[in-house]
Amino acid sequence: MPTDNDLKAAILELLRDLDVLLVAHFYQKDEIVELAHYTGDSLELAKIASQSDKNLIVFCGVHFMGESVKALAFDKQVIMPKLSCCSMARMIDSHYYDRSVHLLKECGVKEFYPITYINSNAEVKAKVAKDDGVVCTSRNASKIFNHALKQNKKIFFLPDKCLGENLALENGLKSAILGANSQEEIKNADVVCYNGFCSVHQLFKLEDIEFYRQKYPDILIAVHPECEPSVVSNADFSGSTSQIIEFVEKLSPNQKVAIGTESHLVNRLKAKRHHQNTFILSSTLALCPTMNETTLKDLFEVLKAYKNHRAYNTIELKDEVARLAKLALTKMMELS
């Protein structure tokens, strides 16, 4: 049975032999992040991988991330050690998108501007592109939202209801959730949100903020905008994973901070701060189960199989889906 060090050495050798670009999302296991050429959030990695001069991309993340790279750089080969799903992305597909549009029309919504969070599959991004919409990430969501407001249409935000609600609150707008609010509320809302969510960021509650503030009156609270509106509106800072990292790294070592995002990322920030004055906001382990699936053995096996001409877990998209998804992704990049 090979040790972790044996696997790491073999992986590094295969990466060199195959001339691979290895990228890993911030929420991956530490041993995966350690080997990656680049780590980042979904947008950063999509840009890096699609613009790389490498023809083979190995993406350690969840499925929609690999699809985004394939859509942006269709000629590249994209493989994933594990075809893990994002629970939020699985909450909507092209059929559910069409059904949602039908429900909007039943509520008297004749025109809308769709924004899909990057946590959605390529077919959903393609549908949004067909309706002249755009993709957003947590990092550029405010810029994309401001662009959408200029279209003078009702905004349909999917699939994350929390990010949609938080953006509406940030702009003083009324929001409603499709399938949860009445037809009248949908008709009168400025922003209609699809009823999806992140299972990890739902763990953070207002009570957690109150607990830490009572215990440490000078503590700062930094959270991801996928958290519930009551959490985001009571935090000192809200931002994407990259923005949270930037925020925390600028703090004084003596400044206490509680962070509301995935535990792998928080633990790395704790280590950088010598495990002092840095806390995870929830008492429940905030671990993304699907991000946690990829192991060193998975990475080794997918590289070895590729070298032996037995490639698997390759990302494939239909030409038209890739073309349309790229339109929505490229539009986002131009606007942000």
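Every residue, even glycine, has its Cβ placed from backbone N, Cα and C.
Take the [4Fe-4S] cluster site that Swiss-Prot assigns to C86, C288: the candidate from C162, C198 listed for it is C198.
In the three-state DSSP assignment, the secondary structure recorded for H25 (iminosuccinate binding site) is strand. Around H224 (iminosuccinate binding site), the C-beta neighbours below 8 angstroms that are at least 6 residues distant in the chain are S138, C198, H201, S238, G239, S240, T241, I244, G260, T261.
The separation of C86 ([4Fe-4S] cluster binding site) from Y117 (iminosuccinate binding site), Cα to Cα, is 12 Å.
C198 ([4Fe-4S] cluster binding site) carries neither a helix nor a strand DSSP state and counts as coil. Non-local contacts of C86 ([4Fe-4S] cluster binding site) by the CB criterion (under 8 A, 6+ apart in sequence, same chain) comprise V62, H63, F64, N119, T290.
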